[in-house]
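The next block holds one structure in the form of structure tokens; read it before the comments.
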Amino acid sequence: MSMQEKIMRELHVKPSIDPKQEIEDRVNFLKQYVKKTGAKGFVLGISGGQDSTLAGRLAQLAVESIREEGGDAQFIAVRLPHGTQQDEDDAQLALKFIKPDKSWKFDIKSTVSAFSDQYQQETGDQLTDFNKGNVKARTRMIAQYAIGGQEGLLVLGTDHAAEAVTGFFTKYGDGGADLLPLTGLTKRQGRTLLKELGAPERLYLKEPTADLLDEKPQQSDETELGISYDEIDDYLEGKEVSAKVSEALEKRYSMTEHKRQVPASMFDDWWK
């Protein structure tokens with residue numbers, strides 16, 4: 001088995017998908033999981049990007065189906081901007097498409113600034129822009145878990161195969177969640193699900209960005225990764241890619257294994 005085949009298997013990627021079936025399966029997964037846990041629904045941060053838009057709409061479909069069957073569940077979509085978000089219009093368009101039961105907003109800027117200032121006061125050192133970006137992501141995780149704990153909701157994550165293979169998420173930030181409805185999907189497969197769901201093109205054709213850096217606002221994921229999502233998706237779907245792309249992805253996959261595992265102990269061997 002090649003490394004490419006191994007990664008495809010470990011990340012549960014299918015070379016091709018039936019969008020309607022994927023939507024049904026993922027909505028059913030959400031329904032079954034929330035019923036099993038006894039939770040009252042889901043909470044998810046909505047950025048206006050493809051991934052949170054898709055996960056949010058799947059969550060809303062799941063809770064509506066539960067209610068139609070006589071159950072009780074809700075979905076809270078939460079906006080978590082750091083000050084003024086440049087693509088706020090996209091976030092509002094995403095909310096209009098998702099149609100969540102509730103939509104709340106918490107601006108994380110004051111929290112992040114307070115910690116950054118205290119860090120500098122205590123250490124004499126200023127947080128790097130990259131490290132501060134991770135603080136933003138982890139602050140958003142704290143907010144979602146606060147809502148989840150208060151309302152009895154499960155926190156959804158938006159990680160998918162193209163992020164998982166590159167480790168392109170913040171550990172205990174956007175990587176902190178109770179369940180992941182997009183697992184196994186490549187970026188382009190996620191787009192096909194949004195098309196099937198009737199999402200506005202603007203939400204899945206826009207350039208993906210984590211938008212965590214103050215010094216490089218709206219920097220694209222592909223610029224930061226140095227690889228295009230088409231190349232990542234081709235690799236994950238079992239297609240032939242250049243040796244350079246294969247080597248880069250396999251190196252990233254190995255280096256970021258710790259992000260896909262629970263914290264290591266002396267009884268684990270995945271890190272050896």
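Going from the start of the chain as shown, residues are counted 1 onward.
Cβ atoms are placed via backbone N, Cα and C, with glycine included.
Copied from Swiss-Prot, the annotated features are:
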BINDING   Tyr33, Arg138, Lys171, Asp178, Glu224, His258, Lys259  deamido-NAD(+) binding site
BINDING   Gly45, Ile46, Ser47, Gly48, Gly49, Gln50, Asp51, Ser52, Arg79, Gln85, Thr158, Lys187, Thr209  ATP binding site
BINDING   Asp51, Glu163  Mg(2+) binding site
According to DSSP, which of helix, strand or coil covers Ser47 (ATP binding site)?
coil
Identify which of the binding-site residues Gly45, Gly49 has its Cβ surrounded by the largest number of other Cβ atoms within 10 Å, counting every protein chain shown.
Gly45
Are any of Arg138, Glu224, Lys259 (the binding-site residues) within 10 Å of Thr209 (ATP binding site) when you go C-alpha to C-alpha, and if so which?
Glu224
Looking only at Tyr33, Arg138, Lys171, Asp178, Glu224, His258, Lys259, the residues listed as binding deamido-NAD(+), what is the longest Cα to Cα distance in Å?
34
Compared by Cα position, which of the binding-site residues Tyr33, Lys171, Lys259 is the closest one to Gly45 (ATP binding site)?
Lys171
When DSSP states are folded down to helix, strand and coil, where does His258 (deamido-NAD(+) binding site) land?
helix
If you rank the binding-site residues Arg138, Lys171, His258 by how many other Cβ atoms lie within 10 Å of their Cβ, the lowest count goes to His258
Glu224 (deamido-NAD(+) binding site) to Glu163 (Mg(2+) binding site) - Cα separation in whole Å:
12
Just name the winner among Thr158, Thr209 (the binding-site residues) by count of other CB atoms within 10 A of its CB.
Thr158
Would you mind pulling the longest C-alpha to C-alpha span across Gly45, Ile46, Ser47, Gly48, Gly49, Gln50, Asp51, Ser52, Arg79, Gln85, Thr158, Lys187, Thr209, which the record has binding ATP, in angstrom?
23
Residues near Glu163 (Mg(2+) binding site) by Cβ (under 8 Å) yet at least 6 apart in sequence within the same chain, in sequence order, are Asp51, Phe169
So among Arg138, Asp178, His258, all listed as binding-site residues, which is physically nearest to Thr158 (ATP binding site)? Use the C-alpha atoms.
Asp178
Which has the fewest other CB atoms in a 10 Å radius around its CB: Asp51, Asp178, the listed binding-site residues?
Asp178
